[in-house]
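What follows is a single structure, written as structure tokens, with notes after it.
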């Protein structure tokens, strides 16, 4: 396939065909933006307290039956307990006044035996209010969030194989249909368990859309358009969907209707089937040369360019038949690549925990949750634009570590902001989201540049799976905020700072050609395997390896 770009070079780098394909493919990512994080609203916990049945109580006792507790220095009504109903009924019948005739601190308490009363100030209904996912059952909300990310993990593992077998285009549109059906069925969920099962299918179909459309774009577009697509287009259009979500949720406060509307938007993508072509590169790997050539000739017609009489050489099929397929075992065989992979896995996990942790936490911030979600999404736009520009000029290792330190450092600072300065805390959180988004976009490119061509897909797939494990963990880290408000920030900040240190042990890839083989990767990136004994006598290493110096120390891997 190495000759494909050369064979199709007559198409040029831009033109109507490439720009049309660029925008049509990017519109697909909009759906992943507003279907990925609706749990922020659907799973938000509104203000609530124990439901008091309609019994004969004086107004004073009806107002005093809910105990007052101190949370983060503030006195609030208890959300999970009330004073014993039979005891309060007797005291009310005796004409006693709470706080004057009766010391409330001595009264026995009980759970919310009759259910809860929920505030409808923000949400008319959601899964929390419908299935009482509060108090002893509040763990079910982060569990539901995690099922989405488990779906991401499943989809990451199978989407590549499906698109290799059935084609990129088919998998994109089948996944769009699967996402539509899954979200629609989820809106009819009769129980929390059914909601979680359908959320797993939503996650699997959504990540399949993203990965398959991403691969299809990289294979359809020219080199120049491919760079724009992979570094800015896909991320930016995802962000557009993410920014659209809070305004849809603002207008539709009932969760079942919200999901039905989000599901129905998939209908808009049906016409794209006739405008987005299959990948000619994939068709060639399947031996379907005539179909691939027809697509390229159509591209030439749209770009108003005359195609040559023969586009693809027969030798390409022979080259492909001799190519070797690499697996996960090949990544683990070499000590060098094994060490690099381990560090990359840690990086991807830490970045995803921070990114999705902050994204899911927007409903817990003070202020309007819809505006907070919109601001969180908006903070990503400059991050994607700036990262695209910086990646052209700056060393990857220093760039990634810098934004990891910014993201993690800001999270560690939030705990020192007093409650009276909520706007400052919100600004810091948005700055942290900016840092994580920068790191998120950089690590994609950085990882792809580290791995050689023969194992790049396998390596990226393993890193993507590690990222899914990180995102599965994120809801539970946010859940810890129900016990201590600053605990999620401390954990995410500390993990991010630690990962920035690990990043310095990866090789630099700026202005270096992509390695094609494992041997080129080890040689070209300046990697050398040394023992601890050699490390303790660094002068001998320098003597035996003149190309090494102290400033290359982070690039060394230890046996």
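Note that Cβ sites are derived from N, Cα and C of the backbone, with glycine treated the same way.
Residues 398-418 are the range that TrEMBL records as transmembrane segment, among 167-187, 293-313, 314-334, 398-418. Among residues of the same chain six or more beyond the transmembrane segment (337-357), those with a C-beta under 8 A of the stretch's C-beta atoms are 149, 331, 400, 404, 407-408, 411, 432-433, 436-437, 439-440, 443, 447, 450-451, 455, 459, 462-464, 466-471, 473-475, 477-478, 488, 492, 495-496, 498-499, 502-503, 505-507, 518, 521, 527, 557-558. For the transmembrane segment (194-216), the partner stretch with the highest count of Cβ pairs under 8 angstroms, out of 17-41, 228-249, 255-276, 369-391, is 17-41. Proximity of distant same-chain residues to the transmembrane segment (255-276), defined by a Cβ-Cβ separation under 8 Å and at least 6 residues beyond the stretch ends, is recorded for 20-21, 24-25, 27-28, 31, 34-35, 38, 41-42, 123, 125-127, 130, 169, 172-173, 176-177, 179-181, 183-184, 186-188, 216, 248-249. Under 8 Å from some Cβ of the transmembrane segment (228-249) lie the Cβ atoms of residues 22, 25-38, 40-41, 210, 213-214, 217-218, 221, 258, 261-262, 369-371, 373-374, 377-378, 380-381, 384-385, 387-388, 391, 441, 444-445, all in the same chain and six or more residues away from its ends.
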